[in-house]
Amino acid sequence: MAFRSLVTTRTLTRGAKSVGLGLRGLQTFTLPDLEYDYGALEPAISGEIMQLHHQKHHQTYITNYNKALEQLEEAMTKGDSSTIVKLQSAIKFNGGGHVNHSIFWKNLTPANEGGGEPPHGSLGWAIDTHFGSFEALIQKMNAEGAAVQGSGWVWLGLDKEFKKLVVETTANQDPLVTKGASLVPLLGIDVWEHAYYLQYKNVRPDYLKNIWKVVNWKYAGKVYDKESP
């Protein structure tokens, strides 16, 4: 039975501060608060998964990202080109993990607070225009998310250059922007095993089927309205 955490994330991250690093003014990053308790997305996503995903996995990306940025600062100060190049993969992976998860938490909300309610307004119209229907979009994202080999993400994005919605997948922790500079993420679904394995084992399609019950389409709609050309 999945346990419910009665501790809010605000308590867990209280007192966290961004601190300037060196003369270049690089800053550390801190774990963002969630706007709901860990158990609030049950039964779609268990409280145990949410707590581990947020406290352990996301925090690890942040910790390693900050460490890589500190090392980059030192290497730049020393003019160590070799180390600067070597650090790029760690920065991309861990920085991407922080960026992606920060979006992911906002893409979710409890069912009793609107989670799962279909998008309305301009985003709803755009989905019908580009995919035929809301149901067709979900089927496409489920199919492409299930087909990701290994670990990665499936995204609904806005292509600002071509003024259209797109579904894309990215490997590992690559952000959507790695697929195109004009792409803005509206909704990202984590298909790494750590996002679902404790509850759904290795049946990723079941996880993808149920996560729609807690998707925050209101947030996606706000981003679409803000970013639409």
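Glycine is treated like the rest: Cβ placed from N, Cα and C.
Taken from TrEMBL as is:
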- 28-108: domain 'Manganese/iron superoxide dismutase N-terminal' (DOMAIN)
- H53, H101, D190, H194: Mn(2+) binding site (BINDING)
- 120-220: domain 'Manganese/iron superoxide dismutase C-terminal' (DOMAIN)
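Overlay of TrEMBL annotations on the structure.
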residue: H53; record: Mn(2+) binding site; Cβ neighbours (10 Å): 22
residue: H101; record: Mn(2+) binding site; Cβ neighbours (10 Å): 24
residue: D190; record: Mn(2+) binding site; Cβ neighbours (10 Å): 24
residue: H194; record: Mn(2+) binding site; Cβ neighbours (10 Å): 14
> Once H53, H101, D190, H194 are set aside, which residues in the chain still have Cβ within 8 Å of the Cβ centroid of the Mn(2+) site?
Replying inline: H54, H57, H58, F104, W192, A195
> DSSP helix, strand and coil counts for the domain 'Manganese/iron superoxide dismutase N-terminal' (28-108)?
Replying inline: 62 helix, 1 strand, 18 coil
> So how many of the residues in the domain 'Manganese/iron superoxide dismutase C-terminal' (120-220) end up helix, strand or coil by DSSP?
Replying inline: 51 helix, 25 strand, 25 coil
